[in-house]
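J.: Dumping the structure here so I can ask a few things about it.
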Amino acid sequence: MSDDEYGDIDEDVWDVAEALTQASQTLPSNSPHRRKRRRISSDQELDDYNDDGLSIQQRRRSRGSASSDHDEGDEKRQSKYRIHLGAEEVPAAVIMGATQADGMPDSSPYRIRGPIYKRPRPLPSPELEPKSTQALASVFRPTKAQKQNIVPQPAPAAAYDFSKELEDLPSDAFSPSPPQQGMSTGLITINSSPPFESTQSIISQRLVAPQNGLRQTTLFGGRAPNQAPSSTQAKKVHNYLVDKVPEPPTHHSLDREAIKTWVYPNNLGPERRYQYTIVHKGLFNNLLVALPTGLGKTFIAATIMLNFFRWTKNSQIVFMAPTKPLVSQQVKACFEIAGIPRSSTTMLTGDQTPALRAEEWDEKRVFFMTPQTVENDLKTGIADPKRIALLVVDEAHRATGKYAYTKVVEFLRRFNKSFRVLALTATPGSTVEAVQEVIDNLEIAEVEIRTEESIDIKEYVHRRDITEILIDPSDEIIMVRDLFSKALQPLVNLLCSQKAYYNKDPMSLTQFGMLTARKTWMASGAGKSANMGVKGMMNALFTVLTSMGHAIKILNFHGIGPFFSNIKDFRAEVEGNKKGGKYKNQVVNDPDFKKMMDRIQSWINKEEFIGHPKLTHLCDTVLNHFLDAGAGLTGDNMPPSSTRVIVFTEYRDSAEDIARVLNKHGPMIKASVFVGQSDSKRSEGMNQEKQLETIRKFKAGGINVIVATSIGEEGLDIGEVDLIVCYDSSSSPIRMLQRMGRTGRKRAGKIVLLLMRGKEEDSYKKSKDNYEQMQRMISSGSRFTFRHDLSARIIPRDVKPEVEKRFIEIPPENTQDPSLPEPKRRAKARKKPAKKFHMPDGVETGFRNASKLNGNVAGPPSRIFGIKRKPNELNDDELAPIPLLDSVLLSGRDMAELDRRFLRVPDGALEEVEMPDLTAQTITQRSLTMTAKVSHGKYTRKCVDLFSKLSRSQASEDRDIKPYGDEAPSDLGKMPTMPLEAELARIPKAPKPTQVSKLPQVTKTTSAPKKTPASRKAIPKKAPTRRNRPLQHENSDSEDSTASMAMVSNLRSSQIPQPTPDSEEEGPGERVDRTSDMEDLEASDDSDLGSLVDFIDPTQIQTQMTLTGTSSFSSSPPQMERWDGDERQKRRGRGGLLGRAVERDKAKNLSSQRSIPTMTQESSDDDLPTIEDLVRGDTTTKKTVDFPSSSVLSSGKKATPNMFTRKRDGDVRGRGAKRRIVDSDDSDE
């Protein structure tokens, strides 16, 4: 036997392990009492078991081979699911299979396979150590979970305790030995799961679900510390690929070639990975970038602006910064880094007029502006919100409340759904709520935040040494505090007596504390139930002590000088009786207050007096810094110092006091204040021009120390600043980080904090801890809700731009002119443009009727509200496109269609086109019908209006005789006929008239006038109205024909005999002229339209005339026919138009035989059709019928139907005997 077959285990240990290979064995009992050790079988049975054809060594050799005896059918039938078996059905061999190998040959499931080991070498067996024995026993001891879930099967013999058999085994009894022939080298995993047969390698596979019931041990065999048990259910995490929300296409015009790539400039040297990542994410998401100062936020903004400038054709890009110095700083970055052309760039502030800004919005594409200017231009309509594609917001932590940043984004969202937002800041906010408000107001979808400890920016962050100097108050400050405290003590005691304030130390007063106490007292029961006198007293106390709290803060943190200036203003107000009061006078007149003011006045008069110990440490720090930098060397050829210092303070009075003290150490120190634009009571503000001039001198070396207020905390990029001195501390982490970020941009910097021991020291620690906590929260993103729904991609989803890293060529125009791209004022100032109202897409404009407010009306807004769009004006200079020749020539098929439909007519059809019948569709003529392409003209509308008004103006009995009537008379068969032959024989010829009488003029009145017979007195001529006369006569030369017609009518009416009252025969009556008709309609609104006579020019109608082919006027009246009963029945039977046509034919034949013209006068156009031919379409000869005159109607006689029949057949043709033509400009179809 070779050495490889031996292990490190003693032979006696192997003999003990052989006892475990019994054929039938059950699990240990769950009984709490220990059972006795007892043999289950004799030695002979054990020997038989060893000799049954499968020895122990053979089984040991066969562990390395896989179970090759399984047929393929068993493998196919094996399911991936297992059936759970109860504890009583699980054999001991399966439960204890953790010590067995999977590759054993088939055997009884109740047989326990031998342990994995190697035979020990023949050496003296060492003594077993108790620790190893206990460790090995712990491996085989069943766990608590197994004891609870396993119930032993009943057996004839008592259960055997296996753990006692293995107590003497060492800890490395089952460690693997060098591989033997036929034995696997794979590792065996001990677990609580039952072994499964597999044809694969015996190397254990890791399961996804966590395993239960395991006990972890250390490398030396000891038990690992207990941990919380894992859940029985495996925690599965599914990474589903959710489809993105469909996004409507952008309305911006994109360059399809440019959007295939995005440019990353290499002008500034090697690439920074964090900048590349932020730029790539900012191109497709609304991004909030939070980077420490000096890490290239300006470069990131310029790169994104460059790509949007390339991608869009005419869209606009807006960069907003709170101050003009920050705006000008970004302008230079875009010119020198991104290479955006200067001709497309402008910088607009409130200094430019609205008219000048309107020109820039029409011509430029890139704008650098303050947020207030952008807001005003959007509200007035100067800027088009739909054209803005990118909005860059610098110092984004200001976007809270009602600041202009918030209003601009809100205004853009109303009109524009597709624009990108890039927000830049160093400190997003000091609280979770503030950061969430910034995210909501700017519609942020992603956040890229880095701290100074981030791995990818550590190599670019310069070292900053922060030094904290704790200062105690001076003796002068302590003396002033004591005197001031005594002066305020009575007021504080009075306030505490009302239980409104509980701290009786006046030096602990603060503005915030007083405001909070006042609000609390007013809301309490004592404040609500107090009378007006008490409320007035409390309000006065709170007001005085609040102002005193501000003065105490200045005294403690800024010095005696600023404190004296504040108190002096307070005293001046009281002594000048401007805002005097009981309690203010009490403070001013207090002896301790007067003593304090006198002492301060004597100190300030001394030049060497320094009002606060901070000033002493400040001067020492600044002087040492310049001496270390070599600035103290003097000489003619010495260059100016390259180091710079910035001192930050909160108040303007303190800044002026600091600059005064520092300038005493000149010329080494040249200090200047840097404040805002507003003026205070004691100092003048700095406009933007002065601010830019101060920064320019600071960079050039003319000024080496700037004493700045909060205006200098944000955004100033002055790379040579090596020392920052914080004269006062702030509890806001935003302000502290902004101050510290002014140094360490291009080289290592130093920060010195001057802190008063106590409250100011605590404020700084608070801000520092708050900053670190907020950075961790923002980085995790678990506490914030981002607006992914409002972040549009703008670029189509099918387009994936690829990066193009290249050197950007700067246009020559960007370097030739170093000035800012501010628009210059024109010689002639333009007027302020009118306000424009931009409408969102799909908005409803106009007014909606109340009947359509239910929202059920579908269609475009123009159809809902009846909006008439103005047609686009055609450009006269623009040439019409010339079509192709084949598109305008007729093809063979078109020629066949032309010949079939238009050149040939079917057999039997008339080849002549008749005149249109104006009485065919009278109802349709009174209203406008629908049109498809060509709308109705103005003359068509006038004619339709005329026809409808004429129809409304007629009485019900007159509609039948008018040319525009629709209904036939219902009593046509009852009308008698006059014997025309007899009447013509009796009536003599009428003498020639010597004087023509004119018709009376119709006068418009508001009430119906009295009807009078026609007068023969001449009246003035009525001037024709061309506007209301679309129908004109061909030869209208005069207006005398109207009088001639009236004369003829009167002569005929005088010659016709009138029937007696008893006679059944009706006389012809008088002619119904238009005067009586118009008199009936004068009271109506439409009476001013006149009648058809007004539209007919009667100048060509003579007193007596004879028309060829028609009836003529005669001096003798026609004979009237008498109708008998049979004839009346026949006429009634024929009825309507048919009977009228038959009667007309008879009258025509009789008139042609009897009528003798008395006067012949032919005009040059007698061959033309008459008005009746145009109206009725009948050019045949018609019977002359007299009409009843106006005298008959005016005399009170009843008009008979026969009168109107004659009127329709005769007088219409007499009055309109000439042809009328239609004016050429009245035709619109």
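Placement of Cβ uses the backbone N, Cα and C atoms for every residue, glycine included.
What Swiss-Prot records for 20-85, 811-855, 952-1229 is region 'Disordered'. According to Swiss-Prot, the compositional bias 'Polar residues' annotation covers 21-31, 1099-1118, 1149-1162. The annotation compositional bias 'Basic and acidic residues' is assigned in Swiss-Prot to 68-78, 955-965, 1068-1077, 1173-1185. According to Swiss-Prot, the feature domain 'Helicase ATP-binding' maps to 278-446. If you look up Swiss-Prot, you'll see Leu291, Pro292, Thr293, Gly294, Leu295, Gly296, Lys297, Thr298 marked as ATP binding site. The motif 'DEAH box' annotation in Swiss-Prot covers 394-397. Marked as domain 'Helicase C-terminal' by Swiss-Prot on the basis of sequence analysis: 614-790. The annotation compositional bias 'Basic residues' is assigned in Swiss-Prot to 825-837, 1018-1030. For 1003-1012, the entry in Swiss-Prot reads compositional bias 'Low complexity'. Feature annotation from Swiss-Prot assigns compositional bias 'Acidic residues' to 1078-1088.
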J.: On the DSSP side of things, how many residues of the region 'Disordered' (811-855) fall into helix, strand and coil, could you say?
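T.: For that range the per-state counts are 8 helix, 0 strand, 37 coil.
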J.: List, by number or range, the same-chain residues at least 6 past the region 'Disordered' (811-855) whose CB is under 8 A from its CB atoms?
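T.: Residues 251, 328, 331, 335-336, 339, 341-343, 345-349, 351-360, 368, 380-382, 384-386, 414-415, 417, 861, 864-867.
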J.: Do you know the DSSP helix, strand and coil residue counts for the motif 'DEAH box' (394-397)?
T.: 2 helix, 1 strand, 1 coil
J.: For Leu291 (ATP binding site), just count the other CB atoms lying within 10 A of its CB, please.
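T.: Neighbour count, Cβ to Cβ under the 10 Å cut-off: 23.
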J.: Sort out for me which one of Thr293, Gly296, Lys297 has the most neighbouring CB atoms within 10 A, since those are the binding-site residues we care about.
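T.: Result for the most crowded candidate: Lys297.
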J.: Taking only the residues in the domain 'Helicase ATP-binding' (278-446), give me the average pLDDT of this model.
T.: 90
J.: State the count of C-beta atoms found within 10 angstroms of the C-beta of Pro292 (ATP binding site), not counting that atom itself.
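T.: 22, counting other Cβ atoms within 10 Å of Pro292 (ATP binding site).
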J.: Please give me the CB contact count at 10 A for Thr298 (ATP binding site), counting all chains in the structure.
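T.: Cβ-Cβ neighbours of Thr298 (ATP binding site) within 10 Å number 19.
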J.: With every protein chain in view, what's the tally of Cβ atoms within 10 Å of the Cβ of Gly294 (ATP binding site), excluding that atom itself?
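T.: Around Gly294 (ATP binding site), other Cβ atoms within 10 Å: 20.
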J.: Using a Cβ-Cβ cut-off under 8 angstroms and a sequence gap of six or more, which residues of the chain neighbour Leu295 (ATP binding site)?
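T.: The answer is Tyr274, Arg450, Ile457, Tyr460, Val461.
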